[in-house]
Amino acid sequence: EVCRELWCLSKSNRCVTNSIPAAEGTLCQTGSIEKGWCYQGECVPFGTWPQSIDGDWGPWSIWGECSRTCGGGVSSSIRHCDSPAPSGGGKYCLGERKRYRSCNTDPCPSGARDFREKQCADFDNMPFRGKYYNWKPYTGGGVKPCALNCLAEGYNFYTERAPAVIDGTQCNADSLDICINGECKHVGCDNILGSDAKEDRCRVCGGDGSTCEAIEGFFNDSLPRGGYMEVIQIPRGSVHIEIREVAMSKNYIALKSEEDDYYINGAWTIDWPRKFDVAGTAFHYKRPTDEPESLEALGPTSENLIVMILLQEQNLGIRYKFNVPISRTGSGDNEVGFAWNHLPWSECSATCAGGLQKQEVVCKRLDDDSIVQNNYCDPDSKPPENQRACNTEPCPPEWFIGDWSECSKTCDGGMRSRTVLCIRKIGPSEEETLDNTNCFTHRPVEKEPCNNQSCPPQWVALDWSECTPKCGPGFKHRIVLCKSSDLLKTFPAVQCQEESKPPVRIRCSLGRCPPPRWVTGDWGQCSAQCGLGQQMRTVQCLSYTGQASSECPETLRPPSMQQCESKCDNTPISNTEECKDVNKVAYCPLVLKFKFCSRAYFRQMCCKTCQGH
């Protein structure tokens with residue numbers, strides 16, 4: 001489409017583009033427009049200026065799979081701004097592109113593994129810096145609540161194993177809020193995302209605070225010699241527990257059971273401040289360096305507990321407060337009874353294609369019908385939750401939009417596609433595919449261009465040169481250039497990544513070179529002008545390149561001197577002027593000295609020197 005991206009044919013018959021649209025007013029043609037011009041990136045009928053069209057949202061996709069099987073997960077649904085897509089400078093859609101809803105909110109079975117703990121344990125079989133560890137959740141200070149930080153069991157370090165936990169993971173142990181896309185989102189006490197349902201002071205969801213009473217007090221007794229001393233007993237079912245020193249001291253808060261089993265700071269051993277899982281709830285023991293120590297828990301507790309103080313100096317005072325369940329008595333001083341009751345039917349979980357309605361089971365007081373904590377009723381007699389189908393009629397047809405495929409190219413313009421089907425949901429987990437004409441809204445696009453940005457410069461290697469030298473080990477060379485992705489421009493080498501540069505020289509060999517050989521020169525002139533003499537020549541050991549070498553075998557060395565004979569002139573010497581020493585002979589004085597002048601050869605060669613002797 002020329003109005004979105006102008007392509008040109010280069011001199012080398014290659015299609016190239018700068019990913020820039022054609023200029024406004026450029027002639028164009030489409031399947032429905034025989035003659036048009038480009039206007040704001042679109043081909044419109046020639047001579048017209050279409051009005052801008054604001055984008056509008058397409059239909060929501062079907063809800064995705066729940067992130068958890070129990071304990072409150074989330075599923076998501078998305079929509080696209082394509083009904084219609086903005087054009088002519090129109091505005092993009094405003095509002096949520098992705099939505100979430102709670103799912104599988106029923107509590108997990110008793111004893112089920114903590115969801116965050118399971119995510120850490122999934123890394124047990126993956127090496128970390130070359131070693132294997134058993135990972136446990138780390139939720140201490142200084143970390144993001146929705147990042148998966150895990151502590152190496154038995155080692156004094158933790159690390160972030162994933163930037164975000166799985167959707168539906170609780171932000172922290174004392175909150176119902178959950179993580180979605182790495183962010184903490186509010187969840188009501190009914191485990192519904194975004195719900196306004198709140199716990200009362202007794203931790204009853206939607207309650208009025210009438211099922212518990214507040215216990216508060218101040219303890220400042222001391223023992224003269226120090227030791228453990230009881231502060232207060234916390235009954236079973238207590239909630240919102242706070243134990244706090246009024247001033248910093250050398251004393252320590254301790255916690256034990258009715259059977260004298262210490263959970264925190266027992267046997268004169270001081271525990272590090274941290275979270276303790278005790279009596280069905282999490283106690284947070286804090287001991288800052290600049291503040292008095294404290295012990296807090298949300299509750300409810302599953303057993304009776306006793307708060308102690310380990311005295312090592314004068315007790316300056318401890319404040320405590322918590323809420324305990326009310327055990328009201330009726331006439332005759334008999335305890336009021338409690339019974340399981342079904343709540344009214346909930347809203348249908350789906351507007352069509354079959355949803356579910358539930359009747360939740362709660363524990364109620366028999367005298368005033370108020371909802372109380374479940375531990376007041378007998379767990380063995382709890383009836384099952386009622387369920388029934390609702391809104392079973394099929395849903396209206398809608399577009400199913402799949403995820404975009406990977407782009408066919410990482411740069412220089414590719415295409416991506418997705419599945420678009422007209423479907424109708426006819427059951428909770430059953431859909432049927434219809435003809436596209438049954439979906440009345442604008443059909444979302446199936447293909448679109450992607451990654452239109454230019455590719456970064458790349459190395460381009462030219463052909464290798466011939467191997468030099470012609471035999472033996474040598475090298476091949478080539479030129480490597482930094483070029484644009486269309487190969488039309490050459491850039492300075494610094495614009496390409498040095499570490500990915502192809503080699504410019506490699507070793508090579510065209511076979512073994514011939515061995516060095518003896519090379520002889522021409523024979524020189526005979527040393528005697530008359531009779532026997534000697535003549536010389538050069539003998540050299542040369543490699544195949546003509547360089548001097550010492551690797552020729554001496555046994556094959558040619559001779560560098562040989563005997564020779566020159567014909568003598570028979571004309572007698574007529575006078576002394578014609579009698580002279582041969583120029584080439586330098587040993588005439590020695591001939592005279594050793595009395596060789598009597599010999600014909602030396603007398604001839606040294607005529608002048610031997611004259612008269």
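Cβ atoms are placed via backbone N, Cα and C, with glycine included.
Of the listed residues Cys8, Cys43, Cys43 is the one TrEMBL pairs with Cys28, by disulfide bond. Partner cysteine of Cys103, as given in TrEMBL, is Cys66 (from among Cys66, Cys70, Cys146, disulfide bond).
Between Cys81 and the candidates Cys93, Cys108, TrEMBL annotates a single disulfide bond, the one to Cys93. Of the cysteines listed (Cys8, Cys15, Cys38), TrEMBL assigns Cys38 as the disulfide partner of Cys3.
In sequence order, Asn104, Asp106, Pro107, Cys108, Pro109, Ala112 make up the list of same-chain residues 6 or more apart from Cys70 (disulfide bond) whose Cβ falls under 8 Å from its Cβ. In space, Cys81 is the closest of the disulfide-bonded residues Cys66, Cys81, Cys103 to Cys43 (disulfide bond), judged by Cα positions.
Distances between the Cα of Cys93 (disulfide bond) and those of the disulfide-bonded residues Cys38, Cys66, Cys103 are shortest for Cys38. Looking only at Cα atoms, Cys81 (disulfide bond) sits nearest to Cys38 among the disulfide-bonded residues Cys28, Cys38, Cys103. Note on the domain 'PLAC' (575-613): mean pLDDT across this stretch is 77.
Helix, strand and coil content of the domain 'PLAC' (575-613), in residues and according to DSSP, is 19 helix, 2 strand, 18 coil.
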